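Noted in TrEMBL for the protein shown:
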DOMAIN    263-367  domain 'HTH araC/xylS-type'
REGION    354-375  region 'Disordered'
Amino acid sequence: MSQDILNRALHLPGQGGAGELLRVREAGSPEAMRHSLMGLGLGVLFREMADQGVEVQALLRGTDIPAAALEDPNAQISHRDKVQIFRNVKRLSSDPAIFLMAGRHQRVVDYGLYGYALASCSTLASAVEFGIHHVKIAGPILEKSFRIVGSVAIFEGHDIISVGEMLPSVTEFWFSSVQAMISHIMEQPFRFTRVRLPYAAPAYAEQYRRVFECPVEFDYATLVGEFDASLLSRVLPNACPATERVCRNLCASMLEPLLGDEPELVGYIRQSCISQINATSCLPSVEAMARQQCMSVRTLVRRLAELGTTYQRIVNDVRRSLAEEYLRNTSMSIDDIAECIGFSDASNFRKSFQKWSGESPSEYRGRAGEAAQPR
C-alpha cells in the first residue's frame, strides 16, 4: 500500500475508580507459547545491538529463528525464543542497562498497526484499554494487568512462566517501552510516579532513576509501575475515531489466528495476506505461500482441503473483510480501496464485491452509513 493511500485510509497526519480494570493472561498456556508476532517492538533491540557491532546471527543463537524471519511481518516467535534473544542481548551487550536504553528508543512505527491504533485513540484511557486487550500481538513475556486505585493508575506484571534471572531485563524493556510509547502518543513526556520491582537492585540501579525520573523501589512484593490516574482522561493529539476503528478491526484480524480460534495454517495464511496487503497492496501467490511454509503447492492445497478450505477462499475472505472495513469507516474512493486490497482495477473489485456480498461497494457503503445513523 502506498504511503499516500495509507494516510488516506487511516487519516494519518503527514510525516513530521478503584479496583482492577484489565488483566490479560497470555504467557502460560502451550498455545500462547507458540503464537505471538515476531517483529513488533523487538526491532529496537536489534538496532541498538547493531550500533554496538553485534550481528543478527549472534542474537538469534540458540533459537529456532532464521535471520530472514526478521523481515517477515507474519513470522511468529515462541516465548522461549524471545527470552533466548534477551539472554543473548544481555550476554553480548557492552552496556549492562541495554534494555532500559533500548526501550527508551521505541517508536510508534515499531509496533505497526498496533502502534497506530494506540496513537489514534481518543484518550489515554482508551489507548491503555486497547493496548492491554491486544497486547498478544506484541508477544508479551509477562502477564500484564492494569488497575486504578484511588488517584493512582497501575501497570502490573506477573512472571507466570518463570523467566528467572532474566526478570530484570524483561521488566526494564517493558517499562521503558511503555514510558516511550505513552510519551509518543501524548506528544509530551510521560513519567511514572513510582516503580516497584520484585528483585534486588542491580549494579546499575542509578540508571533506573535516570530513565524513569521517579522513586524506584527494589525487593518489593510485586512488579508495578504507577502513574497519576488523572492522565487517563487526557485527549490524545492524534485522536481520530475513523482511524481508531480501522486499526482496531485490523488488529483484531491479526489477533484472531494468534488466539487459536482457527487452524494454525489458515491463521498464518490469513495473517500473511493482511500484512502483505497493508505493506504492498499485493497478495502473496499460492506458490509464494507454499515456499513460506516449506512445502509444495500440491501439499499446501491438500492440507487446506483437509481443513475444509482453499487458498483462494482465504484470500477472498481477507479482501472482503478489508474492503468492508474501508467502506464502513473511511471516505476513500472505490478506486483507492480496490488498489489497497490488491485489485488491478476498480471494475474487477466491483464485480468481486458484488459476488461476495450480493451488493455493490456503493450500496454497501450507503447501507452501512444508514445503519450507523442514530435513531
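Glycine too: its Cβ is placed from the backbone N, Cα and C atoms.
The DSSP breakdown of the domain 'HTH araC/xylS-type' (263-367), given as helix, strand and coil counts, is 79 helix, 0 strand, 26 coil. Model confidence over the domain 'HTH araC/xylS-type' (263-367) is summarised by a mean pLDDT of 86.
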